[in-house]
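For reference, TrEMBL has these:
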TRANSMEM  85-105  transmembrane segment
TRANSMEM  126-152  transmembrane segment
TRANSMEM  172-198  transmembrane segment
TRANSMEM  242-266  transmembrane segment
TRANSMEM  272-291  transmembrane segment
TRANSMEM  329-349  transmembrane segment
TRANSMEM  369-390  transmembrane segment
TRANSMEM  454-483  transmembrane segment
TRANSMEM  504-531  transmembrane segment
TRANSMEM  537-554  transmembrane segment
DOMAIN    701-765  domain 'CBS'
Amino acid sequence: MDHEKNVVNEDDDIENYTWKDTDERTYSQPLLTRRHNTTSQIAIVGANPCPVESLDYEIIENELFKQDWRSRKTIQIFQYVLLKWAFALIIGLVTGLVGIFNNIAVENISGFKLLMTTGLMLKHQYYKAFVALAGCNLALAAAAAALCAYIAPAAAGSGIPEVKAYLNGVDAHSILAPSTLFVKIFGSILCVSAGFVVGKEGPMVHTGACVASLIGQGGSRKYHLTWKWLRYFKNDRDRRDLITCGAAAGVASAFRAPVGGVLFALEEAASWWRSALLWRTFFTTAVVAIVLRAFMQLCSTGTCGLFGEGGLIMYDVSAAKVTYSVPDILAVILLGVIGGILGSLYNYLVDKVLRTYSMINEKGPAAKIALVVTISLLTSICSYGLPWFAPCIPCPADVSSRCPNTDVSGNYKSFQCPPNHYNDLASLFLNTNDDAIRNLLSTSTTKEFHISSLFIFFGAIYFLGIITYGIAIPSGLFIPVILAGSCYGRLVGRLFEPISKLDVGLFGLLGAASFLGGTMRMTVSLCIILLELTNDLLMLPLVMLVLLISKTMGDMFNHGVYDQIVKLKGLPYLEAHAEPYMKHLVARDIVSGPLITFSGVEKVGNILHALKMTGHNGFPVIDEPPFADAPELCGLVLRSHLLVLLKGKIFSRDRVLAGDDLVRTISTFDFAKAGSGKGVKLEDLDIEDEEMEMYVDLHPITNASPYTVVETMSLAKAAVLFRQLGLRHMCVVPKSQGRPPIVGILTRHDFMPEHILGLYPHISRRK
């Protein structure tokens, strides 16, 4: 009984749209939705949603399920457990290889572009250098936008909000499709190489989840790529576990942070966790780390083109001496406060930009590509134009690296400067984002960047990061946030230089941590990721302190950036805690009808009529005399199971129980979850008029033990129970006898604030 008929007019503006649920009641919910799907394009590129369904994380304990488990042999159970670990291994291998491929491609494409620009600059052909830089960026950006606009709109954006919603139980269309995976990989390569202020870390999380989803499909009957033992994975529970492993593997592949990947999945992505999943997730990220290490050793010999020491993020600051005193603690507290304020402002501005871009992008693919090209041109102008305002700085005498540097990466870019001088802004702008961060976190280089240059770079990156996120390209938020944070961290380090013992490079690390905490509102996972990135465990206390302060400051103003994006996309995400006003309501207060029920042995025509007239995904089954002494709740039957049963045409002319014959006639495999929406549809049924008057026994496919709550349970308690158990339907039963055996059914949308406050507008959200 999912609320799935959510209709939005394509010509509407961005306002509060009305969702119509399957109980024929309406309530308002702020949506930024247009055509195609409820994915990254909903808020960002303005796509209209397809129906949003919930996932079946609950075990459907019907007679078919019980018979299947009773018939399993020891070898089959062993195969099932072994396959879980084998799939975790495959996810780690594939995600690690994709991460290596992304980095090699980005380093070589960006390196070719930057070498060509530098070569023209050395010949004093400055206009040609700009045309070459901007032309390459525009071509790469247009290609990435075309992939997103025409092939997979769901691939735009970070992908982390969609993965987070999926693991919460929201099944939005196309977010894990093969086309999305293809565009995510190649679009991310193109847009990062195009010089956008975006990262490939968020897209890598989405990529890992897509890889896991494809592996967890349990084969394909359409292409005859299935085996009997793969049927055990044709359910949402096992797919959820695999996608959790995939999300962790994506973080591990992007940051070379296996432990951080596990903690990211635990803290930010997953809504449901258990110890067995922790082991498999850790195993998956360990495989990713081994794959990355093996290929880095291979590439260090020069066999990967321009990809060598750079590419995979690893900002080693362990060479700096970590000693701190009271002034340093005060500086860290200041960084935390700044990070929380700037982070909450960043989230607010990203929210406004997404709403604006939605109106532009709803005009079609051409408008999406035009917007991407415009932002690309603006980025190229900033990258090439702003270094002209920076003064040339003499090369330091004690520098260990070459100065000035004309290679692809390095701290000292010559740009337009005379011999033995370098341009510090060019060292940041005319580099890959990874190398720019490496320069900002470099230690023992206190005077390398002028204070005015740091101010200019921070303002440009902060502005470009905000206006870039939301265009039709795969784009991550980690790198822009780390870039801006490390820049103002280095600025604070310069200001505290007379009284501080910490290196300015370490201040850059703390600034990055503060901005990450202020925008994303994570603590444990970010702390470990940053420590794995920088290889300096001595910074642990300071990183912990700055993350706690920045998160606390940011929470005073608004929610984390991923939570805001989930809400913008209209995805019905259930929070871990109940809203305060839910304590004043009980379960029956939000139940509404009419409630559609079936008898244990129901007429085919009645079932078909109910399926045609409603979009419900679950129906209560009531046993009545002569099958029971009094009306009683037999259980809950799913829409998908009814469609399979009707297609099999196992009917009888008399209203009698089918017994064990029906269980032996039908296969559990037929009722398994279909992959990528390939299940039986209502249009596939071919029921004759004569068969409409026949009967079908629903007992074998009815979940005889659905989760039920008494009607007087507080709504807050019911909401927490619903989320923690990963339910799709919750039956509300009467407290007293002598009444119908079921009051109603609660689904995900019933717990949404927009629905509850629509029913009870006088209730304050804060009480």
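Glycine too: its Cβ is placed from the backbone N, Cα and C atoms.
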Segment proximity, the transmembrane segment (537-554) to the transmembrane segment (126-152), 3 or more C-beta pairs under 8 Å | no
Take the transmembrane segment (454-483) and find every residue of the same chain, 6 or more past its ends, with a Cβ under 8 Å from one of its Cβ atoms.
-> 41, 43-45, 141, 144-145, 148-149, 153, 155-159, 183-184, 187-188, 190-191, 196-204, 206, 254, 342-343, 346, 349-350, 353-354, 357, 361, 368-369, 371-372, 375, 378-379, 382, 386, 389-390, 425, 428-429, 433-434, 436-437, 440, 490-491, 494, 512, 515-516, 519-520, 561
When DSSP states are grouped into helix, strand and coil, how many residues of the domain 'CBS' (701-765) land in each?
-> 22 helix, 12 strand, 31 coil
Residues outside the transmembrane segment (329-349) whose C-beta sits under 8 Å from one of its C-beta atoms, at least 6 past its ends, are 462, 465-466, 481, 484-485, 488-489, 492-493, 496, 500, 502, 507, 510-511, 513-520, 542, 545-554, 556-561, 564
Mean per-residue pLDDT in the domain 'CBS' (701-765) works out to 92
